[in-house]
Amino acid sequence: EGFSSVKCFLSLYRFQACVYFASVFQAMSCGIHYLASVFMAVTPNFVCEFPGNVSSVLLHNSSASSIEDIWTLWTSTENYIVVQLENGEIWELDQCSRSKREVSLDLAYEYKGNKSVFPCSDGFLYDDTKWKSTVVTQWDLVCDREWLAKLIQPTFMLGVLIGAVIFGDIADRLGRQRVIWFTSTGQFVFGIAVAFTFDYYSFVTVRFLLAMVSSGYLVVAFVYVTEFVGIKARTWASMHVHAFFAMGIMVVALVGFLVRTWWVYQIFLSIATLPFVLCCWMLPETPFWLLSGERYEDAQKVIDTMARWNKVSPPCKVSELCSVQQDDLASGRTGDDDTSSAKKHNILDLFCNWQIARRTITVWLIWFTGSLGYYVFSLSSVSLGGNEYLNLFLIGAVELPCYIIACVAMDKLGRRNTLIPFLILSALICVLIMFIPQDFNILIILANMAGKFSIGVAFGLIYLYTAELYPTIVRSLAVGSGSMMCRVGSVVAPFCVYLRSVWIFMPLLLVGIMALLSGILTIMLPETLGKPLTNTLVEATEMGRSKKGCSEKTPPAHSGAALEKIEMFGQERVSTDK
């Protein structure tokens, strides 16, 4: 009863509300840094630098006195600019080469005579009408160095993958509070440091470290808030961590519109969440982690602080719970050997029979598809035509209602019955976009918003659904492996977006195929709404209506009070890293 009263006490009161909103506020910085490269690494129009002083410039049939005046007429990368130097030489400037006309008579755009081709040894000229400076223009990441620019986002996502694994484990060992402090401070320090990097390689290295701490914060912040809020509010509270991430995307669009120099843009993005860095040291450690580490006095202090803030009496003394736990552990040791010597589980247990294996493959595919679709729609938004800043802002804003819809639908219709239609809907939207004429910019943007909305619902839902599909003994393993597939999708997504150069609809085609396949396979998954969590692989298999069992002994049932204590002291860590 004492443990039940503690959990009731941890319902979302004043103290928990302050902790929750302070923690998820910093989640905005994760959304900021994850999508910052969409404007920071823009490649503007460019041509080779000319070898001298220019007297006149020609593009098609339009002439100007300076090359800055000609950029408004640039329509295609196949264009080239003809310039006449003060010494009378006439040069044709392409994007990755320049040609000197052997016969310099009249300045004309078309020329049939002999030309000498030279490399761009003097650098490049960039169109700075939109962006005064980007990392591409800073370090000439074009032509034979273009691949370096395309590695900026994938290397960041690789840092996300590694950071989630490292800091998730550290948080379990050293506590959530310390990791919250370190990663939030790291986001600010590395975010500012990115703006002062001196070359491409230092830029990528610092961004990689920034990705690690950003990912680590998002993982640990999710665990942190779910351990403070009550069971009734846990679904909504955890789901809306994603909403603050989306608000970070909206901040990127706003700052990108206002600031057009990449290093100043990076500084403004990094100081957006400075208030949290200044006050994060006041956040307490979670009572759950303190109790699991047998730090009972510290846990009592946190509970007493919560009581004072919420103006209620503490539900019980932690010392009373200690004796209850020790008694249960002592009685557990008197049981048979099967109970006391728990089997260590590994990834192969997720494939112990056909029923569980099929479930695992489907769940992994949904995780991968959700992440792939999320970032393809987000990263592609700046290439849809119209105002790219407004496009990204709307792509972020559409997530806010989608998580509300997801929370309501998953409790009313069920997890599977919500997941299936939204996955199939996202596939249909991808197909629909291919048939919209490219001149209909507004319709294309609205369709992409609908696609982001539908994939966002599925992406937000899969976290909870995965935890409910697997038994206690492999639940953390199942969610962790699914989260790894999610990060693989985020690493692949930038390369998928680059396929627009092959065919403009290639990214949408790939997302549509994956979403349709995921939606069809989801039909075979069991519904978990209203069903108790399973404890063994045998029970999980039976939930899927399979007669096969896994080759393991089912541990004897515990009493209800014992299960409550296990749930209290064995809170499973679930990663929500995007």
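Numbering starts at 1 and runs along the chain as it is shown here.
Quick reminder: no glycine exception, Cβ is built from N, Cα and C everywhere.
Note that the structure is predicted; figures quoted are calculated from it, not measured.
Per TrEMBL, the feature transmembrane segment maps to 12-36, 147-167, 179-198, 204-225, 237-257, 263-283, 361-377, 389-410, 417-436, 442-465, 477-497, 503-525. If you look up TrEMBL, you'll see 72-530 marked as domain 'Major facilitator superfamily (MFS) profile'.
Here the transmembrane segment (361-377) sits apart from the transmembrane segment (12-36); fewer than 3 CB pairs are under 8 Å, leaving out pairs fewer than 6 apart in sequence. Only pairs six or more apart in sequence are counted, and the transmembrane segment (12-36) with the transmembrane segment (477-497) gives fewer than three Cβ pairs under 8 Å, not enough to call it a contact. Across 147-167, 179-198, 237-257, 389-410, 442-465, the stretch most heavily in contact with the transmembrane segment (204-225), judged by Cβ pairs under 8 Å, is 147-167. Scored by C-beta pairs under 8 angstroms, the transmembrane segment (477-497) has its highest count with 147-167, from the stretches 147-167, 179-198, 237-257, 389-410, 442-465. Model confidence over the domain 'Major facilitator superfamily (MFS) profile' (72-530) is summarised by a mean pLDDT of 84. The transmembrane segment (442-465) is in contact with the transmembrane segment (237-257), judged by 3+ CB-CB distances under 8 Å for residue pairs 6 or more apart in sequence.
For the transmembrane segment (179-198), the residues of the chain that approach it from at least six positions outside its boundaries are 23, 26, 29-30, 33, 167, 170-171, 206-207, 209-210, 213-214, 216-217, 220-221, 224, 263-264, 266-267, 269-271, 273-274, 276-277, 280-281, 283, judged by C-beta separation under 8 angstroms. Away from its own ends, the transmembrane segment (147-167) comes close to residues 33-34, 37, 41, 43, 135-136, 139, 141, 179, 183, 200, 204, 207-220, 379, 483-484, 487-488, 490-491, 493-495, 498, 575, 577-578 of its chain (Cβ-Cβ under 8 Å, at least six residues beyond either end).
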